[in-house]
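Working notes, beginning with the structure itself.
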Amino acid sequence: MPAPYEKGSAKKGATLFKTRCLQCHTTEAGGAHKVGPNLNGVFGRHSGQAEGYSYTDANKQKGALWEAQTMSDYLENPKKYIPGTKMAFGGLKKAKDRNDLVTYLLSATK
């Protein structure tokens, strides 16, 4: 079972985002989708729901409500959390890294 989400360092999370996520995702309001969807407004939304992005059926059917804990669980191993996702990212195995990244995303995607 994944570790419970705990608030981490948004600064360290920003660095993780730049090195591990930015190639495929944006966070700013009105930002374009890249290989992956723009993450602006992701929290409080269900998986597979970013307008204008083409998701796999698996992602749409999962119906996960993106909150800090579900995002952390997903980021540990995306292909295990949503079998059939096209997200190529292998995941963040360390709970501290996930906490930092989710803490950053909570502020960067508002």
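Cβ coordinates are placed from backbone N, Cα and C, and glycine is handled just like the others.
Per Swiss-Prot, the features are:
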BINDING   Cys21, Cys24, His25, Met87  heme c binding site
MOD_RES   Lys79  N6,N6,N6-trimethyllysine
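Features per Swiss-Prot, on structure.
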{"residue": "Cys21", "record": "heme c binding site", "contacts (Cβ under 8 Å, 6+ apart)": "Phe89, Leu101"}
{"residue": "Cys24", "record": "heme c binding site", "contacts (Cβ under 8 Å, 6+ apart)": "Lys34, Val35, Gly36, Met87, Ala88, Phe89"}
{"residue": "His25", "record": "heme c binding site", "contacts (Cβ under 8 Å, 6+ apart)": "Phe17, Lys34, Gly36, Pro37, Asn38, Leu39"}
{"residue": "Lys79", "record": "N6,N6,N6-trimethyllysine", "contacts (Cβ under 8 Å, 6+ apart)": "Thr85, Met87, Gly91"}
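Within 8 Å of the Cβ centroid of the heme c site, not counting the listed residues Cys21, Cys24, His25, Met87, the chain contributes Arg20, Leu22, Gln23, Lys34, Val35, Gly36, Leu39, Phe89. With a 10 A radius on its CB, Met87 (heme c binding site) counts 19 other CB atoms from all the protein chains.
Taking every pair among Cys21, Cys24, His25, Met87, the residues listed as contacting heme c, the largest Cα to Cα separation comes to 11 Å.
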